[in-house]
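Novice: Dumping what TrEMBL says about this protein:
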type: DOMAIN; residues: 1-191; note: domain 'Cytochrome b561'
type: TRANSMEM; residues: 26-46; note: transmembrane segment
type: TRANSMEM; residues: 53-74; note: transmembrane segment
type: TRANSMEM; residues: 94-116; note: transmembrane segment
type: TRANSMEM; residues: 128-152; note: transmembrane segment
type: TRANSMEM; residues: 172-192; note: transmembrane segment
Amino acid sequence: MHGRNEVLDIPFPLQPVEIKARNHGIILAVGFLILLPIGVLIARYTRTFNPHWFWSHASIQLVLSGPVIFYGWAQGYQVARQLELQNLNDPHQKIGIALLALYVTQLLLGAFVHFVKLPRLFRGHRAPWNYLHVALGLAILGLAAYQVHYGFTIEWEFALQGLHTVTPRAMHAWLALVIVFWVLYFLGMGLLPRQYKQEAAARQRARTDRSYGKDDTMEMHP
């Protein structure tokens with residue numbers, strides 16, 4: 001963020017509320033555009049090579065990302081209170097509340113997918129909520145990218161009256177993070193044949209176990 005004194009044409013420092021707003025934006029950009037995407041990519045790239053991939057995925061999405069996201073959201077709430085913008089008519093605030101709710105829902109859904117096993121109901125195939133977990137996760141990242149862009153390009157100017165402007169480097173970083181994630185994610189889709197092959201083998205083992213009277217607890221993960 002940068003600005004200049006219109007009379008003396010010299011830079012002047014950020015105001016306290018601007019500092020808090022800047023921190024809010026940076027922290028949530030880290031949470032939603034760096035940490036959560038890393039967790040998604042770990043799941044996409046390691047699930048066919050590491051049987052314990054889930055715990056790395058869950059640790060990043062909850063243990064690392066959670067405190068960052070909640071702290072960044074709290075910073076935004078404090079900025080809204082300080083600027084008396086708590087009427088919830090602002091799109092940025094509405095999307096922020098929706099993102100937080102979706103993030104918590106996604107965490108609960110991920111825990112349900114992993115810990116609640118219904119193999120006999122779906123015969124070893126994925127349950128519908130497995131697909132929902134994947135779709136919701138990608139939707140959250142897409143909405144978060146839009147929210148960060150909106151905050152940098154519109155909300156900063158609207159809420160803080162354009163005292164300082166957002167440095168172009170912030171937008172370049174935003175664009176780079178978005179492009180890198182989606183490129184890596186779609187490249188990771190190339191591992192799907194290997195994943196499907198492993199899952200087919202797991203279903204075959206489950207059928208064999210059932211024929212010998214063994215308990216079948218195999219379930220597909222997203």
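Even glycines carry a Cβ here, placed using N, Cα and C.
Automatic, uncurated: that is what TrEMBL annotation is.
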Novice: Between the transmembrane segment (26-46) and the transmembrane segment (128-152), do 3 or more CB pairs sit under 8 angstroms, pairs being 6 or more residues apart?
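Specialist: Per Cβ check, the transmembrane segment (128-152) touches the transmembrane segment (26-46).
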Novice: Who are the long-range neighbours of the transmembrane segment (172-192) in its own chain, taking Cβ under 8 Å and residues 6 or more past its ends?
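Specialist: Answer is 29, 33-34, 37, 40-41, 44-45, 47-48, 138, 141, 145, 148-149, 152.
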Novice: Grab the same-chain neighbours of the transmembrane segment (26-46) for me: Cβ-Cβ under 8 Å, and only residues 6 or more beyond its ends, written as numbers and ranges.
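Specialist: Cβ under 8 Å, 6 or more out: 53-54, 56-58, 60-61, 64-65, 68-69, 71-73, 75-76, 99, 137-138, 140-141, 144-145, 147-148, 173-174, 177-178, 181, 184-185, 188-189, 191, 222.
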Novice: Over the domain 'Cytochrome b561' (1-191), what is the model's mean pLDDT?
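Specialist: So the average pLDDT across the domain 'Cytochrome b561' (1-191) works out to 90.
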